[in-house]
Amino acid sequence: MSKTVLNAVGTPLYYSGSSTAWFSATGSGPTLHGTAGNDSMWGDSSVNVTMIGGRGDDIYYLYSSINRAYEAAGEGVDTISTWMSYTLPANFENLTVTGSGRFAFGNEADNIIKGGSGTQTIDGRGGNDVLIGAGGADTFVFARGNGSDLITDFNYDDIVRLDGYGFTSFEQILSNVAQEGADLRLHLADGESLVFANTTADELQAHQFRLSLDRSVLSQTFSDEFNTLQLRNGTSGVWDAKFWWAPEKGATLSSNGEQQWYINPSYEPTASVNPFSVNNGVLTITAAPASEAIQAEINGYDYTSGMLTTYSSFAQTYGYFEMRADMPDDQGVWPAFWLLPADGSWPPELDVVEMRGQDSNTVIATVHSNETGSRTSIENSVKVADASGFHTYGVLWTEEEIVWYFDDAAIARADTPSDMHDPMYMLVNLAVGGIAGTPRDGLADGSEMKIDYIKAYSLDADWQI
């Protein structure tokens, strides 16, 4: 009989049974079939193959993105095991991801999701799932509407990320837990709950929880909902379309390995390729290949794009800074929303969000500092289940701590460096190259970053993080 584990609602979830047949993709054709029994199907990183176990409990070992697994509905309890970041397809029950720094995301069914000895981000998504960290400092993600889950091995270094449940303080967490024998149940909302196996309330720590943004302590100080684009013109307008130090023709950041030139629409020789457009309250920044005529004006760079700053119009010390945007998913593009010191110095720098177009499941949140006398950076590469479409990206900057948010849910924290206590202004841009690499297709169809709004808030004087 197959091994089982009870989930948070008392339903037994099954592990795949022991295999009775074994198959390898090495030397196979494009399709590899199993038997009607329990199969182990081994991929090969050099073989482009779809493996089909068929009936029975099948276990698939995937070694690269060209190894694929397929199961029809009702064909046993099936498991995928891989070192890669992976989202479980339909008709699979269980997933193991062993690679450190990877994510393991479930599907809409009741899943058993397991990590490895390193650090993983584990999100069962829909269904009532059983989650197993299996060592390392893991992040467990729970979003409202995705059911009730159980963590079998929550430890001191693990993190729980709660999205949409309205918890804004650790005290609220403690007031909603109840001991059930050896287990601790956290009551969430709408009948959903999270169970910590073999845990008591006094073992929970505030640092283990990433909670929702408390908007009641915020007072709006800046807002642009982009019904029009208010470019600076003398002493009026909001946005500069170039760095404060750049000439009228614009510039780029060559030290970042960027392959685009940021076009200043007010510079006549390149005004024909204005990267900014506004439609229905959404600002679009477009990156595109540069024609030979334009290249002659922009130092030979291959691409054009746009950047905006509030250097001339707005800066603030501490507060909450937020952008709602639809990020591009094209290979080789690098969208960002960030803060720089109003006095023109660098570092420090506070990156609210950066992304690589080809990696839409990773939100990069970074703080740069010179507090030690040399440049240091704390980078958080946060795994999210779905960053397609519009989402909010924010950072809460206080005297003691910096907290990053994705859709109002905290995703990362860092201490505020000693050189980050002066006013900073906002920047938003769409770069090409740099950390995202070279576009695979030369951006033949262009790439678009769409921004619904950018806002800033101050904090109530008596509020503490």
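Glycine is treated like the rest: Cβ placed from N, Cα and C.
Annotated features, as they stand in Swiss-Prot:
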type: REPEAT; residues: 33-50; note: repeat 'Hemolysin-type calcium-binding 1'
type: REPEAT; residues: 105-122; note: repeat 'Hemolysin-type calcium-binding 2'
type: REPEAT; residues: 123-140; note: repeat 'Hemolysin-type calcium-binding 3'
type: DOMAIN; residues: 206-462; note: domain 'GH16'
type: ACT_SITE; residues: E349; note: active site, nucleophile
type: ACT_SITE; residues: E354; note: active site, proton donor
List of residues, in chain order, with Cβ under 8 A from that of the residue listed as 'active site, proton donor' and at least 6 apart: W334, P335, A336, W338, I364, A365, T366, I435
Confidence summary (mean pLDDT) of the repeat 'Hemolysin-type calcium-binding 1' (33-50): 97
Intrachain neighbours beyond the repeat 'Hemolysin-type calcium-binding 3' (123-140), with Cβ under 8 angstroms and 6 or more residues off its ends: 5, 7-9, 11, 13, 100, 103-117, 146-155, 157-161, 210, 383, 385
Chain-internal residues, separated by at least six, CB under 8 A from E349 (active site, nucleophile): W338, L339, L340, T366, V367, H368
Tally of DSSP helical, extended and coil residues in the repeat 'Hemolysin-type calcium-binding 2' (105-122): 0 helix, 7 strand, 11 coil
Helix, strand and coil totals (DSSP H, G, I; E, B; other) for the repeat 'Hemolysin-type calcium-binding 1' (33-50): 0 helix, 7 strand, 11 coil
